[in-house]
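Structure first, then comments.
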Amino acid sequence: MMASMVAWGVGNPIGDIAVEHISPVAVFVIEMICGLLILLIGAIFIPSLRRAIKHIPWRIAIPFGLLQPGLAYLSGNIGWQYGSVTTGAILMSSEVIFLALGGAIFLREKLSLWAVIALLVGVSGAIIVGIAGQTSNPETAGVQLIILGASISAGLVGALAFLGVGLAGAIYGLLMRRLNSQVNIISLTVGQMTSASAFSIVMLVATSTEIPTTIGVGNYFYVAVLAGIVGTSLPFLLFNYAAPKLTTKQTAITLNLIPVVAILFGAVLGRGLPIGTQYIGIGLVLISLLSLEAGHDDDIDSKTASPAPKTTK
């Protein structure tokens, strides 16, 4: 699980660099296709992967793939276009907050008063990060987008896109916790990447987006390829394997690695540090996440870690 979070954290600033020079949809296509190709090439040399391709649970894999990495990665790329690594990393960490709410609503997990307060603090922090990002980010400050005839701040669009990633991740996490224990994780991951790749091509055609070449964007094409290699198949394979085996608390703790790794690696790549009042919002989000972890009950966690019935598919 930790390895998957580190991979996603490293992949975030790489994707941010790619989107700076290539359209979000084009980067999305490159990421999905590269992730799928890695699995298909691996199948040539790995018998277990080759066997898994023959038994893909399409009924599960198609909707899972449309959600993650499909909609989540497309939303993330839109977010990178209008937001910074710091803004994205923190807002996407809202997945833990959405996951706690989803667990309470759909899995009937109990939320203490402390947890409710922590959620409100986290939401407040996310709002501050988003607002501060849209007003102080030099790339989007004052930029307005026309969407469905309405003028909307580019920074707000980026913030909402990042929150969409967090929401998609939370829904995916809830679904994975209900996953039948007999489902082959490798087969599921291959199916997810196939579904997401098909969705990316549909979006490419629907938006009339052209796939860039090295002639047009230079080495940034390979940056998009690297984002697909680092941030798709491998971390999903690791996450899908680990998620049903871990408690809610363990998963929440490891999820916090993503923004930490993303911000630190982003700084190494020169993608910038938090700006002004974003530090306040970041602090509130981190306090919320840590409070949610501290408020979990280990007995409840152990019972809800993998509630799926142990039956055949």
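The count begins at 1 with the first shown residue.
Yeah, the Cβs are placed from backbone N, Cα and C, and that goes for glycine too.
The domain 'EamA' annotation in TrEMBL covers 2-129, 157-290. Summarising the annotation, TrEMBL assigns transmembrane segment to 25-46, 58-76, 82-106, 113-133, 145-173, 185-208, 220-239, 251-269.
Taking residue pairs at least 6 apart in sequence, the transmembrane segment (113-133) and the transmembrane segment (25-46) share fewer than three C-beta contacts under 8 angstroms. Across the domain 'EamA' (2-129), the model assigns an average pLDDT of 88. Shown for the domain 'EamA' (157-290): DSSP residue counts in helix, strand and coil, namely 105 helix, 0 strand, 29 coil. DSSP places the residues of the domain 'EamA' (2-129) in helix, strand and coil in these numbers: 111 helix, 0 strand, 17 coil.
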